[in-house]
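The following features are taken from TrEMBL:
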- D:A8, D:Y9, D:S10, D:G11, D:G12, D:L13, D:D14, D:T15, D:S16, D:G117: ATP binding site (BINDING)
- D:Y87, D:N123, D:R127, D:S175, D:E259, D:Y271: L-citrulline binding site (BINDING)
- D:T119, D:N123, D:D124: L-aspartate binding site (BINDING)
- D:4-165: domain 'Arginosuccinate synthase-like N-terminal' (DOMAIN)
- D:174-390: domain 'Arginosuccinate synthase C-terminal' (DOMAIN)
Number of protein chains: 4
Amino acid sequence: MTERVVLAYSGGLDTSVCIGWIAEETGAEVVAVAVDVGQGGEDLDVIRKRALACGAVEAEVADAKEEFADEYCLPAIKANALYMDRYPLVSALSRPTIVKHLVAAAHKHGASTVAHGCTGKGNDQVRFEAGISSLAPDLKCIAPVRDYAMTRDKAIAFCEEKGLPIATSKKSPYSIDQNVFGRAVETGFLEDIWNAPIEDVYEYTENPATPREADEVVVTFEKGVPVALDGRPVTVLQAIQQLNDRAGAQGVGRIDMVEDRLVGIKSREVYESPGGIALITAHQELENVTVERELARYKRQVEQRWAELVYDGLWFSPLKRALDGFIDEASEHVSGDIRMTLHGGRAVVTGRRSQQSLYDFNLATYDSGDTFDQSMSKGFIELFGMSSKIAAKRDLAQ
Amino acid sequence: MTERVVLAYSGGLDTSVCIGWIAEETGAEVVAVAVDVGQGGEDLDVIRKRALACGAVEAEVADAKEEFADEYCLPAIKANALYMDRYPLVSALSRPTIVKHLVAAAHKHGASTVAHGCTGKGNDQVRFEAGISSLAPDLKCIAPVRDYAMTRDKAIAFCEEKGLPIATSKKSPYSIDQNVFGRAVETGFLEDIWNAPIEDVYEYTENPATPREADEVVVTFEKGVPVALDGRPVTVLQAIQQLNDRAGAQGVGRIDMVEDRLVGIKSREVYESPGGIALITAHQELENVTVERELARYKRQVEQRWAELVYDGLWFSPLKRALDGFIDEASEHVSGDIRMTLHGGRAVVTGRRSQQSLYDFNLATYDSGDTFDQSMSKGFIELFGMSSKIAAKRDLAQ
Amino acid sequence: MTERVVLAYSGGLDTSVCIGWIAEETGAEVVAVAVDVGQGGEDLDVIRKRALACGAVEAEVADAKEEFADEYCLPAIKANALYMDRYPLVSALSRPTIVKHLVAAAHKHGASTVAHGCTGKGNDQVRFEAGISSLAPDLKCIAPVRDYAMTRDKAIAFCEEKGLPIATSKKSPYSIDQNVFGRAVETGFLEDIWNAPIEDVYEYTENPATPREADEVVVTFEKGVPVALDGRPVTVLQAIQQLNDRAGAQGVGRIDMVEDRLVGIKSREVYESPGGIALITAHQELENVTVERELARYKRQVEQRWAELVYDGLWFSPLKRALDGFIDEASEHVSGDIRMTLHGGRAVVTGRRSQQSLYDFNLATYDSGDTFDQSMSKGFIELFGMSSKIAAKRDLAQ
Amino acid sequence: MTERVVLAYSGGLDTSVCIGWIAEETGAEVVAVAVDVGQGGEDLDVIRKRALACGAVEAEVADAKEEFADEYCLPAIKANALYMDRYPLVSALSRPTIVKHLVAAAHKHGASTVAHGCTGKGNDQVRFEAGISSLAPDLKCIAPVRDYAMTRDKAIAFCEEKGLPIATSKKSPYSIDQNVFGRAVETGFLEDIWNAPIEDVYEYTENPATPREADEVVVTFEKGVPVALDGRPVTVLQAIQQLNDRAGAQGVGRIDMVEDRLVGIKSREVYESPGGIALITAHQELENVTVERELARYKRQVEQRWAELVYDGLWFSPLKRALDGFIDEASEHVSGDIRMTLHGGRAVVTGRRSQQSLYDFNLATYDSGDTFDQSMSKGFIELFGMSSKIAAKRDLAQ
């Protein structure tokens with residue numbers, strides 16, 4: 001029986017060429033798998049038929065948008081996951097979603113190998129391969145661009161030679177990855193890190209500098225999960241999509257940064273994540289209101305490690321599971337409403353209310369009704385500062 | 001010889017009354033010390049004379065603005081210090097500055113005690129007293145508002161009874177602390193955390209929503225120190241002041257949050273720190289360009305602990321000194337230029353350039369000239385993911 | 001109706017006097033509660049009758065040894081909890097156990113206050129009061145020794161005056177707290193930290209220097225829980241008790257250290273925890289075999305924070321619950337056997353075997369059968385060291 | 001001009017064969033460099049001559065024992081560096097020492113490449129290559145065993161064929177790496193992790209179970225540096241050597257563990273480090289006495305990361321330098337004497353004294369002379385536990 005290779009298929013030039021290229025390099029049959037995580041573009045059925053037309057023995061397509069939102073974006077929101085305090089992990093979240101479908105297809109079709117279209121210098125190759133080896137340690141991985149030197153020029157030549165039904169017209173100047181949680185853009189002129197992005201780079205967000213009316217939204221969370229916008233129930237997917245529209249219309253969620261890749265180099269990245277940034281902003285402030293101080297302080301460290309792990313492609317790792325154990329417990333009381341103004345590129349919290357609030361007006365107020373016993377403070381300060389004071393006595397004596 | 005008490009004096013009603021109040025409570029002579037950390041307001045000499053008029057046996061005033069910027073704000077910039085990822089420690093930085101002057105005055109005037117005007121439910125009492133006990137463990141601390149129940153009503157009555165030369169007109173609705181690094185505002189209507197701030201609350205920043213022309217600035221750093229704006233050399237103080245003006249004019253640096261106080265309660269705080277937020281934003285991105293990945297990842301944890309320590313009043317603690325040892329070493333190569341657009345409430349980095357850059361165009365580019373050896377990646381991924389893969393083999397077998 | 005105070009009762013002089021002392025100070029009725037966490041000594045019924053004889057309106061006794069082992073010692077074992085890398089939290093674990101019983105009794109008997117016999121300079125007062133306020137925020141706490149200046153001399157005088165049925169003979173030179181997980185000793189001559197402990201100090205352990213035959217034990221764990229010794233099923237309590245005997249007979253588990261108390265001072269402490277140290281030693285090595293590297297590295301930090309929190313009296317805090325969420329997930333595969341030699345004061349692991357082992361002989365061996373693909377290493381090293389290498393290029397160029 | 005390769009030369013079979021093997025594989029001239037880090041064995045001059053006899057164009061030998069102790073072992077002592085809380089980094093410390101000499105020799109002899117004798121599945125290859133690329137990013141690295149498949153059998157055949165002056169007698173059953181800081185042993189029968197080590201494995205330590213007289217030693221530190229034993233001044237090297245003898249004679253410093261290698265696998269390792277363990281034990285307790293609590297708590301995390309970094313071969317990395325900045329500051333007051341009993345495999349601290357002590361007898365004592373103000377505690381506990389208490393109020397209400 002012929003070996004089978006499952007290919008992560010996008011419908012574009014590169015992965016369409018991969019179908020035949022892999023067949024030639026390995027002698028295997030290629031099963032194409034396309035996963036919709038909200039990247040937009042063509043109809044899934046069109047993509048499926050193109051895969052078959054390009055030589056795939058089987059082609060599968062899956063609408064994974066709800067799954068992506070519920071199982072991948074939501075944990076990121078609960079973790080306030082911002083790699084390097086900025087980047088909401090857009091691509092890093094979609095890869096494990098896709099991996100799960102690739103592995104399922106490999107099992108179903110008896111494939112021994114999974115292939116993907118990544119280059120050899122990015123993070124996504126790691127996310128694919130580390131993910132696959134954690135869900136199916138016996139599957140092999142290949143990356144034709146990296147392993148078989150399938151350059152773009154060679155791909156175009158292959159495409160034309162074989163008469164594949166794909167346009168090989170001039171490439172977009174932008175290298176783009178997008179899904180419902182956001183959009184990543186790289187491009188030649190941005191590789192000079194002194195150059196500013198131009199408006200042309202952006203698609204999910206309007207220009208924040210354009211004068212327009214502000215939008216106001218109330219996001220309701222239950223145990224860390226966004227469940228309503230302006231009082232209307234939403235799924236996580238809907239929350240992201242609707243806030244993509246509303247926050248995007250106000251220019252919210254643009255990120256331009258120099259980033260530390262897992263492969264050891266620094267790269268310039270431009271991102272848009274209007275829904276992601278709006279939801280994380282709201283979620284952070286609701287935690288400020290509902291999470292106890294020491295838990296909140298420790299959770300920041302957990303969040304950083306969570307974001308690094310997921311950025312680094314270790315979604316399916318034991319440490320990720322244990323950090324989720326912490327985060328789930330910490331999210332138990334993160335319920336309530338956050339009101340935000342969306343305007344001028346910013347999502348600004350203007351109000352919070354929660355049945356789970358730890359903000360106690362009577363303890364906080366400086367007006368009448370204050371119940372805080374200020375006489376406790378002297379003893380507190382004395383013992384809180386005691387170890388520093390004893391050290392100071394020693395140090396000043398010398 | 002009569003005991004002496006050094007009082008942290010602001011010139012306002014509360015601390016003016018404290019002079020006589022302390023004298024009556026303790027029988028001690030009161031030495032008033034006013035420290036200018038850029039809070040604005042009256043002339044220092046006016047303040048000095050008022051202290052004497054209110055009964056102080058001595059009155060000292062000090063312009064500590066340069067010292068505050070160089071020795072307190074600068075370390076905070078190098079630490080990207082944002083308590084709860086938001087608050088640039090405005091008041092928490094000024095307290096140790098003032099403490100240093102109080103302790104020096106106590107030594108000079110032979111005082112046994114230091115007094116301050118804080119209440120018993122805030123952070124500042126801890127910052128004063130923990131600071132004092134770390135610089136002069138033998139000094140006692142008193143806080144008349146907390147320890148002698150000196151309420152505002154009683155203070156006004158005392159003032160009128162003694163005929164002190166201070167206006168006792170109706171109190172401002174706002175409780176304000178400000179200095180060159182920023183401004184903190186608390187007030188009755190903001191104690192309802194569902195209420196949004198109104199424009200009246202702000203003084204250092206214009207309304208971000210007002211349409212206006214954007215401003216562009218280039219900040220130059222040397223080893224983490226801001227040394228020039230748009231190519232013109234500046235001191236740290238000038239950098240803060242000029243960016244207060246320029247970023248403030250664009251509405252940059254407003255913060256509205258629920259915050260965890262050291263005394264265990266949550267409080268609503270509104271801050272403005274246009275210069276602080278602009279400088280930290282620029283400094284963070286310059287670190288993204290010039291600091292190696294593992295150092296950068298670890299530094300985030302150090303930054304969090306640094307900010308918590310300083311927020312908690314432990315500026316003069318042994319741990320703070322050791323964290324500074326780390327940060328100083330980490331700042332060695334943080335030199336270069338950051339270009340930012342200031343507009344609509346945001347300071348947005350648009351360009352970076354540095355002789356110390358670790359961004360390597362030839363490794364990062366996807367164009368010709370790429371020197372990254374992609375063949376290294378397969379081995380990297382295999383071993384990087386090995387421990388997770390071995391765990392997966394076990395876990396999936398069960 | 002008369003107010004009621006629940007008193008943590010030990011049966012000894014101090015808390016027996018507390019019954020009447022509290023009644024006189026507060027006018028309240030005293031309910032005595034004695035909790036057996038394995039401290040040994042008198043029969044619970046004898047203690048109960050003494051409380052009544054000393055004036056308690058009610059007296060309750062509870063055998064909490066199983067509960068203490070299962071709900072307090074076991075989480076500490078799973079956390080490898082060693083405060084300052086040394087102290088297995090003996091007293092810090094028993095306090096929350098006792099607190100739970102005190103709070104239940106307060107609810108049952110309608111008490112408004114809980115009293116304990118701690119001084120005002122130790123950790124246990126914090127553990128009692130922070131624990132009580134977390135389980136029953138409305139209960140008040142009093143500590144007669146601290147709050148009513150009930151010194152030992154005064155207690156003896158009170159005892160004799162009232163004719164209480166307790167011996168007031170000369171106090172032991174040692175201040176001791178003990179339970180099934182270990183024993184803590186403080187004493188005058190050890191307050192000189194240059195003095196070594198003498199054999200007289202120890203009770204749970206024999207002199208390690210005495211020549212004797214070694215003992216060998218195999219401990220079996222299921223998901224972090226010790227379930228068998230030498231193949232014979234045990235409860236957690238039995239595991240601790242039997243290892244107290246066997247490891248104690250070999251002098252295992254003595255600790256002599258200078259320790260950082262929560263109240264800010266350093267103190268000299270001597271501990272014995274033969275069962276605790278033996279179980280943690282075995283558990284750590286089983287984790288080395290069964291826990292994936294990155295999870296293991298992170299868990300060390302979690303363990304440190306867990307131990308500090310529990311030492312600091314925050315057993316019932318939100319952060320403790322979230323850390324337990326992490327640890328429970330991390331313990332999922334910690335199953336297998338550890339063989340140890342107990343001898344000369346040491347518990348030394350000599351063998352491990354586990355169905356959950358991540359040790360892969362074929363990957364580890366240098367003999368034939370090696371399946372590790374060494375060709376992967378070059379690429380791994382290149383990219384693993386890339387960020388340091390790029391930094392080195394810059395740094396060396398200067 | 002012929003290319004030159006600098007080879008890390010041990011004098012043994014493998015690296016002796018490497019000289020000719022590399023020459024044949026690469027056509028380059030080989031410069032042999034042997035570095036004495038206290039591994040014992042043959043005279044350096046004998047080794048030098050053998051290298052030349054085996055075909056090296058140049059041979060250099062260096063006594064780096066003092067350098068190794070002062071610049072590599074000492075920072076590890078100050079960091080209390082124990083990988084996985086056990087392993088004092090014996091081999092991980094010697095590699096960067098050797099790397100420094102290799103790089104110096106490469107510069108001196110105009111070599112373009114450095115070669116070492118490591119396999120492709122251990123940590124040492126990473127330590128060599130990451131170290132070299134951080135000191136000389138332009139040098140290439142080769143490892144004949146890994147890169148040219150130089151197996152032991154082939155090496156013996158090569159040796160005999162070329163008539164090299166080395167004995168090719170049957171290999172020791174043990175794979176050993178040793179230096180003045182300790183000794184690492186791997187061997188076939190220990191690859192079964194249920195097997196216990198036998199006495200034959202050990203060389204630096206006597207059997208702890210053998211009855212013998214205890215030894216007592218006083219170690220004096222200045223700012224974290226061991227400067228005297230029993231009052232007699234020593235260099236760091238002498239401190240290690242003398243404690244190797246004295247602690248080794250008592251069986252101190254044996255370690256048997258399953259360890260997480262950087263390349264992703266777990267391996268069984270047996271170590272001996274009598275001097276290292278004795279010095280770290282003493283240093284830790286002196287820190288307990290002289291380092292303020294919060295600094296001490298944070299330093300534990302720094303120590304863990306330091307040990308992981310060095311284990312992982314990143315000695316020359318930017319993060320390592322910054323952590324050293326922290327540790328140096330933290331070591332400022334770590335001066336004083338520690339008395340230890342060495343016996344039965346244990347180094348047990350029995351006394352501490354220090355001019356820098358933060359232990360305050362008058363604060364700690366329960367006897368007369370107590371200066372601790374217990375009335376401070378009530379306020380401290382109230383505010384210390386406040387945030388948990390407020391959370392409890394909420395959580396219990398539900």
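For all residues, glycine too, the Cβ spot is worked out from N, Cα and C.
Ranked by how many other Cβ atoms sit within 10 Å of their Cβ, the binding-site residues D:S10, D:S16, D:T119, D:N123, D:S175 place D:S175 at the bottom. The maximal spread of the ATP binding site, taken as the longest Cα to Cα distance among D:A8, D:Y9, D:S10, D:G11, D:G12, D:L13, D:D14, D:T15, D:S16, D:G117, is 13 Å. According to DSSP, D:Y87 (L-citrulline binding site) is assigned to a strand segment. Taking the C-alpha positions, the distance from D:N123 (L-citrulline binding site) to D:G12 (ATP binding site) comes to 20 Å.
Regional average pLDDT for the domain 'Arginosuccinate synthase-like N-terminal' (D:4-165) in the model is 96.
Contacts of D:Y271 (L-citrulline binding site) defined by a Cβ separation under 8 A and a same-chain sequence distance of 6+ are given as D:Y87, D:P88, D:V90, D:G182, D:R183, D:A184, D:V185, D:G253, D:R254, D:I255, D:D256, D:M257, in order along the sequence. Just so you know, the Cβ of D:Y87 (L-citrulline binding site) picks up 22 other Cβ atoms within 10 Å once every protein chain is counted.
Sequence-distant contacts of D:D14 (ATP binding site), defined by Cβ-Cβ distance under 8 angstroms and a gap of at least six in the same chain, are D:G117, D:V145, D:M150, D:R152, D:A155. Remark: D:D124 (L-aspartate binding site) has D:S91, D:R95, D:H116, D:C118, D:D177 as non-local neighbours, by Cβ distance under 8 Å and separation of at least 6 in sequence. Close to D:A8 (ATP binding site) in the fold, though at least 6 residues off in sequence, lie D:T15, D:V33, D:V35, D:I98, D:L102, D:V114, D:A115, D:H116, D:G117, D:F128, each with a CB less than 8 Å from its CB. Working note on the binding-site residues D:G12, D:R127, D:E259: by count of other C-beta atoms within 10 Å of each C-beta, D:R127 ranks first. Each residue contributes its Cα atom, and for D:G12 (ATP binding site) and D:S175 (L-citrulline binding site) those atoms are 12 Å apart.
The DSSP secondary structure for D:Y271 (L-citrulline binding site) is strand.
Annotated pair D:S16 (ATP binding site) and D:R127 (L-citrulline binding site), C-alpha to C-alpha distance, rounded: 21 Å.
For the recorded site, D:E259 (L-citrulline binding site), the DSSP three-state label reads strand. In sequence order, the binding-site residues from D:D14, D:T119, D:D124, D:S175, D:E259 that place a Cβ under 8 angstroms from a chain C Cβ are D:T119, D:S175, D:E259.
The record gives D:T119, D:N123, D:D124 for L-aspartate. Within 8 Å of the mean position of their Cβ atoms, the other Cβ atoms in that chain belong to D:C118, D:K121, D:G122, D:Q125, D:V126, D:R127. In the three-state DSSP classification, D:G12 (ATP binding site) falls within coil.
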